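For reference, TrEMBL has these:
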TRANSMEM  35-56  transmembrane segment
TRANSMEM  76-99  transmembrane segment
TRANSMEM  179-203  transmembrane segment
TRANSMEM  215-234  transmembrane segment
TRANSMEM  254-273  transmembrane segment
TRANSMEM  293-310  transmembrane segment
TRANSMEM  330-351  transmembrane segment
TRANSMEM  358-381  transmembrane segment
TRANSMEM  393-415  transmembrane segment
TRANSMEM  422-441  transmembrane segment
REGION    458-487  region 'Disordered'
COMPBIAS  458-472  compositional bias 'Basic and acidic residues'
COMPBIAS  473-487  compositional bias 'Polar residues'
Amino acid sequence: MNESGSEHLDNPRLRGPRKRSEVLRLFLRRDKTPVTILMVAAVAGTVAGLLGVAFEKAVNWVMHLRLTGLGFFSDYWILLWPLTFVVSAVLAMFGYYLVRKFAPEAGGSGIPEIEGALEELRPVRWWRVIPVKFFGGMGTLGAGMVLGREGPTVQMGANVGKMMVDIFRLRSAEARHSLLATGAAAGLSAAFNAPLAGILFILEEMRLQFRYSLISIKAVFIGVIMSSIVFRVFNGDGAVIEVGKLANAPLNTLWLYLVLGMVFGVVGVSFNALIFRTQDMFARIHGGNLKKILIIGGILGGFCGLLGLVQPEAAGGGFALIPLAAAGKYSLLMLLFIFVVRVATTLLCFASGAPGGIFAPMLALGTLLGTAFGTAAMYFFPQYGIEPATFAIAGMGALFAGSVRAPLTGIVLVLEMTDNYQLILPMIITCLGATLMAQFLGGKPLYSAILTRTLQRQESENTEKAEAESETKGTISQDSATKTPHT
């Protein structure tokens, strides 16, 4: 009996399931934190997706309300012009006021702030950044300023990740870092319906800050999946930018895409330099004074509102402009004119510190210049049978690659947004050419350079504050020594 019992226990077929169950229980006991992170990542991605969709709807609602209200005065130009300026100015000033008064870190796109937070160099105060970015962005974007909604959704998404860390009381640095990155990726996915681009943005653009680990990559994937599902529930699964299915580029035209990429490399470096100069110009003008900032914001907002009356294509984020330009609705001279005007308005709006992103304006600029290049190439090389729209699509990603220096993200983002995956080869050639030319010219990636400038300004402010405190303490000690009676 005992022998048969021992044989029964020693039977490997019977012992296997028991060992596997023990290993599974041991794994679950030891691996609770990663499982928790993944579950919270799903929640963070869902909330970030909901927030991104709500932000898009809110901005569109404000714009619709503004244009509908002004439409009642369309027959009275004497009233229409001043009302357009005042309404857009008030909306813009509302956005600037919220940012400067309650959350200065919510100014601009917010992406450099997230990069700094991943390196633990910048704070993440979600309880004030999320509402300020949401309602401030409603004001500036609703006013018709040349800004995009992707920057706000990325920053709000990352702040949602930090909010989840606090709500679920996750103490580990790994959890904080993973969920910050998860929220940022989910935010980008919710802005453009581009899940793969959201993942690549973290892995490529934030490669210096992102801590590569199996758990963090899984968390990013899960968050992006949930965010994309939320977007498609509310907006469907169609292309965000409808340009139709374009023909593939002939092999004998591929060298033109390399030339286009080199052009965009020069443009990207120049564009970044102009952004920094414009930021410095605004800093000299307002000097941090709230009233001056509001006046500047009101003038910019009002001007963009008027620009929307005169030249609607030159105002707004640019999503409505991209299909028109790609479809060949403008002449070569008109394309270049709108490009120059939108470069100026993009620089002024973004560099002023308004809450809003620069992705969408850059995509529009790339489309304009790419279409202009393709139109010129069609005239010079009629034997190639060139379709300018293919250069428009390539240009969308090329300016992003030359400025932000994230070519993979630029390629995938544009292909996902336009649903023209057959153009991947010319896209790769153009974006690679833009990146190599930007590196050759010594240009710095846009968001990294903005973060560096922010940290330098922060250090200088801390130094000035410390010097002021030391001077105050010295004055107090001298006064107390003077008042002390000598014995």
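Any Cβ shown, glycine's included, is placed from N, Cα and C.
What TrEMBL says about a protein is an automatic prediction, not a curated fact.
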What DSSP reports for the compositional bias 'Basic and acidic residues' (458-472) is 15 helix, 0 strand, 0 coil
Near the transmembrane segment (254-273) in space but 6 or more residues beyond its ends, with Cβ under 8 Å, are 343, 362, 365-366, 369-370, 373, 377, 381, 384, 386, 391, 394-395, 398-399, 401-403, 425-426, 429-438, 440-444, 446, 449
Sequence-distant contacts of the transmembrane segment (393-415), meaning Cβ under 8 Å and at least 6 residues beyond its ends, amount to 192, 194, 196-197, 200-201, 204-205, 243, 246, 257, 260-261, 264-269, 271-272, 322, 326, 359, 362-363, 365-371, 373, 421, 423-424, 426-435, 437-439, 443, 445-447
One stretch in 179-203, 215-234, 422-441 has more Cβ pairs under 8 Å to the transmembrane segment (35-56) than the rest, namely 215-234
Sequence-distant contacts of the transmembrane segment (76-99), meaning Cβ under 8 Å and at least 6 residues beyond its ends, amount to 62, 66, 69-70, 106-107, 132, 135-140, 142-145, 290, 293-294, 296-306, 308-309, 352-355
Per the Cβ under 8 Å criterion, with at least 6 residues separating them from its ends, the transmembrane segment (330-351) contacts 108-109, 140, 145-147, 271, 274-275, 278-279, 281-282, 300, 304, 307, 311, 313-315, 318, 321, 324, 358, 361-362, 364-365, 368-369, 371-372, 375-376
